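K.L.:
First, the structure itself, so that you have it in front of you.
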Amino acid sequence: MKKIILVGRPNVGKSSLFNRLAKQRIAITSDVSGTTRDTNKAEIFIDDKNCILIDSGGLDDSNELFKNVKINTLNEAKNADIIVFMVDGKNFPDEIDKRFFYELSNLNKPIALVVNKVDSKKDEERSWEFNEFGAKYIFNLSVSHNLGTDELRDWIYKLIPKSKIKADTSDDFDEFLDCVNEHGEMGLPSVDYETKNIKIGIIGRVNVGKSSLLNALVKEDRSVVSKIAGTTIDPVNESYVYEDRVFEFVDTAGIRKRGKIEGIERLALHRTEKILEEADIALLVLDASEPLTELDERIAGLGAKFELGLIIVLNKWDKDHGEFDKVVYELRDKFKFLAYAPIISVSALGGKRVHKLYPLILEVYKNYTQKMKTSRLNEVLEEAIRTHPIPRDHGKIVKIYYGVQFGFAPPKIALIMNKPRSLHFSYKRYLLNKLRENYELSGTPVILIPKNRSQKESTENEN
């Protein structure tokens, strides 16, 4: 079985990428340098191929402990088959990274240079500087926002042999898909989204005005408002009825930089994540009077992580409309992964424009829970494919036979194909854009899953 090792200096995102590729939270991720000192290993599947993924300790010469970690890491790299060398895209290349990269390149193994934390246009421009490493394979990633990982997975996939073990293709999903195919839309779960309470988490860093926004939304002083950062530790729940729908608002604890989180706030952060697991929509509150920060981006990533409907709320807004357009442009550049989220400006303390959030929440929730008729969905897909045919895979035709919605909140669509591995991420993005052109999908993510039609049949034939 092929071994793939993730290598790099401390705090470049190795453990986050390990968790992303392993699709489970095995490694501890933190902003503290050197969190991973021992190697973590997991057997993983890259689609239908299995391999051993290794998360190594950080390469660092700063003290005796880290020197030992570095020696262990280099020994692991010698025994690995594929090396993924990671650097921090927020910084310019330096000689230490180059030295480590060249040392690993001399092992004569397939090696990729991964520039992580590329979250904006500015980061993309800076990433060009890493071409001076002379790496044959370079990938720009934002692991925290799950951007660019598909290309890296494709590269790894081509380097590992086909597995003799069948990957877990999720029997529940296959059975569910069979049910949809047999019974059409009637086979989908019957949740009464038109009457259930809408759960809304209010998220943001400390002191951006989340509690003021909650008070303005429910029209009473339920949450303590203070200039002292971090006044809200326990989540604050409040309900409000609008057009016969119950909105359940939760003002979550403000989130600080990880290095500043103390014990009680760590618990509050854990509670915030638990709340978001149960939520339908997140209101991401940003302070319009301050520049956007990396922490804002990380918190925004929580909305994407939990696949929530999302509205970006610019609080403390006292600028004119021309300024709004400028701020929106900057936001869209920084938060590319939230391109679907509507943006609204408010002044929570003064109650300005807060009332516009109620209909917007209803609109986003409707989009988030909508059912797409299979016939209409396939008309849209067929038109998209006619306009821009699916690129071939090494001369072989790639086909989408049909699409079917298999989940809601958010909409989840299976693309039944002959070669799901061959659907390039850029074409997937093209299909998503076409769906957004033809459906009301503002405020909601849409999940597309390529699925092999013969996968289940071939498994049954082998038994």
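Backbone N, Cα and C define each Cβ position, glycine as well.
What Swiss-Prot records for 2-164 is domain 'EngA-type G 1'. Here Swiss-Prot flags 8-15, 55-59, 116-119 as GTP 1 binding site. Sequence annotations record features per position, and here Swiss-Prot assigns domain 'EngA-type G 2' to 198-369. Marked as GTP 2 binding site by Swiss-Prot on the basis of sequence analysis: 204-211, 251-255, 315-318. Residues or ranges marked as domain 'KH-like' by Swiss-Prot: 370-454.
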K.L.:
Quick one, of the binding-site residues Ser56, Asn207, which Cβ has the fewest other Cβ within 10 Å?
P.N.:
Asn207
K.L.:
Would you pick out, from the binding-site residues Asn11, Thr252, the residue whose Cβ has the largest number of other Cβ atoms within 10 Å?
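P.N.:
Ranked by Cβ atoms within 10 Å, first place goes to Thr252.
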K.L.:
Inside 10 Å of the Cβ of Val118 (GTP 1 binding site), count up the other Cβ atoms and send me the figure.
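P.N.:
Other Cβ atoms found within 10 Å: 24.
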K.L.:
Write out how many residues of the domain 'KH-like' (370-454) are helix, how many strand and how many coil, based on DSSP.
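P.N.:
Taking the domain 'KH-like' (370-454) as a whole: 31 helix, 22 strand, 32 coil.
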K.L.:
I'd like the Cβ neighbour count for Trp317 (GTP 2 binding site), meaning other Cβ atoms within 10 Å of its Cβ, all protein chains included.
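P.N.:
Excluding its own Cβ, the number within 10 Å is 21.
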K.L.:
Which ones are near Lys14 (GTP 1 binding site): of the binding-site residues Gly204, Asn207, Lys210, Trp317, which have a Cα within 10 Å?
P.N.:
none
K.L.:
If you run the three-state DSSP split on Lys210 (GTP 2 binding site), which class comes out?
P.N.:
helix
K.L.:
Fill in the CA-CA distance, Trp317 (GTP 2 binding site) to Ser56 (GTP 1 binding site), as an integer in Å.
P.N.:
45
K.L.:
Mean pLDDT for the domain 'EngA-type G 2' (198-369), rounded to an integer?
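P.N.:
Taking every residue in the domain 'EngA-type G 2' (198-369) and averaging pLDDT yields 79.
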K.L.:
Could you state the CA-to-CA distance between Asn11 (GTP 1 binding site) and Asn207 (GTP 2 binding site) to the nearest Å?
P.N.:
27
K.L.:
What's the CA-CA gap between Thr252 (GTP 2 binding site) and Gly8 (GTP 1 binding site) in angstrom, rounded?
P.N.:
35
K.L.:
Quick one: Cα separation, Asn207 (GTP 2 binding site) versus Gly8 (GTP 1 binding site), in Å?
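P.N.:
Roughly 35 Å, rounded to the nearest whole number.
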